[in-house]
Amino acid sequence: MSKHTNIPMFRIGIGYDVHRFDNINNDDSNTSITICGIKINYHKKIIAHSDGDVGLHALADAILGAVGCGSIGQHFPNTDKKWKNAESSHFVIEAQKKAQERGYIISNADIIIICEQPKIMPYALEMQHYIAQFTSIDPSFINIKATTTEKLGAIGRNEGIAAQAIVLCSQQY
């Protein structure tokens, strides 16, 4: 605990998101999915109410959890037309504002994208810098990584994509 307040100096949050892919294999070269703000050419689309960016959804969820503000689903429900096709950076920006209102900054973020395809790591650095552009997080404190499920389960059958994020929030001075 800080000497000067009753709020903890550090708080940790974890977030998770998953979305299904459509079952249509699109031969259209303009087909893409958005992960951590970066468009990636892919022959399937993500089924979602917003832009379906699992990486940014997990990040927003982690930030909200760290500062005790519930979940992304509570703040941006998929039943609200306001969020239809919304860009997920908005969710992260709003979550960061809630953290700041409670006296915290985001010190570190670690995001893992879980899918068989498409390959994520060629875009990791671009994703890291994109997230740094609209958050207070230094790019060197944003980590993007990817894994597969070794072809196990729905994600292993390439039916969808998931992400987990963990953040460390520090008390502002």
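Glycine is no exception: its Cβ is also placed from the backbone N, Cα and C atoms.
Taken from Swiss-Prot, the feature 4-CDP-2-C-methyl-D-erythritol 2-phosphate binding site covers 17-19, 49-50, 76-80, 147-150, R157, and the record attributes it to sequence analysis. A coil conformation is recorded for T79 (4-CDP-2-C-methyl-D-erythritol 2-phosphate binding site) in the three-state DSSP classification, outside any helix or strand.
Residue environment of H57 (divalent metal cation binding site) contains 27 other Cβ atoms, counted within 10 Å of its Cβ in all protein chains. As annotated by Swiss-Prot, divalent metal cation binding site applies to D17, H19, H57.
DSSP gives H49 (site 'Transition state stabilizer') a coil state; it is part of no helix or strand. Using a 10 Å Cβ-Cβ cutoff, H49 (site 'Transition state stabilizer') registers 16 neighbours. Annotation source Swiss-Prot lists site 'Transition state stabilizer' at H49 (among others), citing sequence analysis.
For T148 (site 'Transition state stabilizer'), the Cβ neighbour count at a 10 Å cut-off comes to 15, with all displayed protein chains included. The site 'Transition state stabilizer' annotation in Swiss-Prot covers T148 (among others), and the record cites sequence analysis as its basis.
DSSP assigns D17 (4-CDP-2-C-methyl-D-erythritol 2-phosphate binding site) to a strand. With respect to P77 (4-CDP-2-C-methyl-D-erythritol 2-phosphate binding site), the closest of these recorded positions in Cα terms is H49, chosen from H49, H57, T148. H57 (divalent metal cation binding site) has D17 nearby among the recorded positions D17, H49, T147, T148, T149, counting only those with a Cα within 10 angstroms of its own Cα. Most Cβ neighbours within 10 Å among the binding-site residues H19, R157: this distinction goes to H19.
Between the CA atoms of T149 (4-CDP-2-C-methyl-D-erythritol 2-phosphate binding site) and H49 (site 'Transition state stabilizer') there is a gap of 25 Å, rounded to the nearest whole number. By neighbour count, meaning other C-beta atoms within 10 Å, the densest spot among the binding-site residues S50, T79, T147, T149 is S50.
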